[in-house]
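Working notes, structure below.
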Amino acid sequence: MGRADPEEGHLPAPVKPPDGGWGWIVLLGCFVITGFSYAFPKAVSVYFKELMKDFHVGYSDTAWISSIMLAMLYGTGPVCSIMVNQFGCRPVMLIGGLLASSGMILASFTTNIIELYLTAGVLTGLGMALNFQPSLIMLGTYFDKRRPLANGLAAAGSPVFLSSLSPLGQVLLEKFGWRGGFLIMGGLLLNCCTCGAVMRPLDAGMKRKMEKAQDKYEAKEMLPIGGKSEEGISTTDGTKKAKKAKKKPKKGKKLLDFSIFSNRGFIIYTISKFILVLGLFVPPILLVNYAKDTGVPDTEAAFLLSIIGFIDIFARPACGMVAGLKWVRPHVSYLFSFAMLFNGLTDICSARASNYTGLVIFCVFFGISYGMVGALQFEVLMAIVGSQKFSSAIGLVLLIEAFAVLIGPPSAGRLVDALKNYEVIFYLAGSEVVLSAVFLAMATYCCLNRGKKKEPPPEKNPPGGGSDTEEAESDVQEAEEHSSDNHQLPHNTDNTVVAASEEANHVAEEQSGEGGGCPEGHGEVLARDGCNADQTVERDSF
């Protein structure tokens, strides 16, 4: 029915997301991948003290392992986009799972910190990146109406895995040492291959075969019995081959689509996200040390992160449900702005917290706002660029965020060393998050919504005239023409109808010439077909 074949290098027709079914299995896989991608770099910090003793290095040297993992997760976004567009999501995720696992297994045999950087940092980080991005793309493929809820549930994997991998890592360290712990963690990362295996693509091949069979069936039903039906089927197949021959010069899918930079919404989102990342991760990184400096015991200070994780587990799915409401979803970007504003004001208002109760209150509100941001960030991007361009968009966004990740937390740490004051850092981080929220809301309202209101209604094109939109949608027009061709009759049937109409016209002309008017009993009908109305009135008067 006018669909392009992938073998010929053309884009396949998009399939409608099922919003359920196998999509729930895909959601479960995305939940696991998101958990490993975000929680694993933080859970590795449990082994840092043992690594410092064995390799005789400082804390900043071991901290680079987590930094390299995150840098690979964000910085390799365009590479992941190219591989997904070229090979598909499932093969890329399978390769990523093997790389992530092999990186941790090889790290258990390292003898110096540089080898740890290359194995646990680069190799494992690249493997998790090749899993994280394709899983989000598949989630957007399987869900449309329930996509906000699906994104919220998948994002909940981060706090769930963070609260489980850290205690598990501590148990493995005590029983098997850091080398045995790395080896077992590498085995756990093989579950990424299982998650990749369930990412079944929505293929239109079966649907195309069913439509072809239906076309042949309709051709048989419309034509007379005998050889004419075969003639109609051959005519239909010939038309399809002609259409495919016309489409051969077209280009295939781009490996990385830079045309999304012409989308003003994408530009606004990217700038806002860059400013957001500068300050979003600073408070949770400095929270434990900040609590210790105020006199909080070590165990109670570490428990503050558990509070954030526990609140975050419930905040993300709940925010996804709210974003999926009919009256909220069209304005999801404003909800995202509110979440960022809430998070930034939480940082600012809690900068002067000087006791444990104040820090607990800060963790509760920070967990809610942080969960809202995590649940909405990719939903807003999908709403802006659509599922067809999401693979390229997320790769470019993650690359830009990588620079912000490398600038924000390290700069905050240097300011703490220089000023010996955490209050200023919380004010600065909160101000950056608030600025990103205000920019996204104002730019969306001024540049996008007002632009839509000022656009004049589309004018109808004169007959025979083309437009740029029609040329851009030539594939859709050809599909419609091809669909109509499948329902046309053979030429012999058309000739019969034309001959019958010509004979009827000839009889009508002879009757009008003999009687000087219309034939009896048909005056009113033939008057509409060309007879004089006055003649009809005169006949009736007789």
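From the backbone N, Cα and C atoms, a Cβ is placed for every residue, glycine too.
Per TrEMBL, transmembrane segment is recorded for 21-40, 63-84, 91-110, 116-137, 181-202, 266-291, 303-325, 332-353, 359-378, 390-412, 424-448. TrEMBL lists 23-448 with the feature domain 'Major facilitator superfamily (MFS) profile'. Annotation comment: TrEMBL describes 452-542 as region 'Disordered'. Annotation source TrEMBL lists compositional bias 'Acidic residues' at 468-478. TrEMBL lists 486-498 with the feature compositional bias 'Polar residues'.
If you look at the transmembrane segment (91-110) against the transmembrane segment (390-412), you find fewer than three C-beta pairs under 8 angstroms, all six or more positions apart, and that falls short of contact.
Between the transmembrane segment (424-448) and the stretches 116-137, 266-291, 303-325, 359-378, Cβ pairs under 8 Å are most numerous for 266-291. Taking Cβ pairs closer than 8 Å, the transmembrane segment (359-378) reaches residues 136, 148, 151-152, 155-156, 158-159, 273, 276, 280, 283-284, 287, 290-291, 294, 296, 304-305, 307-320, 323, 332, 335-336, 338-340, 342-343, 346-347, 350, 353, 394 in its own chain, all 6 or more past its ends. Across 63-84, 303-325, 390-412, the stretch most heavily in contact with the transmembrane segment (266-291), judged by Cβ pairs under 8 Å, is 390-412.
Ranked by the number of CB pairs under 8 Å to the transmembrane segment (390-412), the listed stretches 21-40, 63-84, 181-202, 303-325 are led by 63-84. Below 8 angstroms of C-beta separation, residues 15, 17-18, 22, 25-26, 28-30, 32-33, 36, 40, 47, 88-90, 92-94, 96-98, 100-105, 107-108, 120, 124, 127-128, 131, 134-135, 138, 141-142, 169, 172-173 of the same chain, each at least six residues beyond the ends of the transmembrane segment (181-202), sit close to that stretch.
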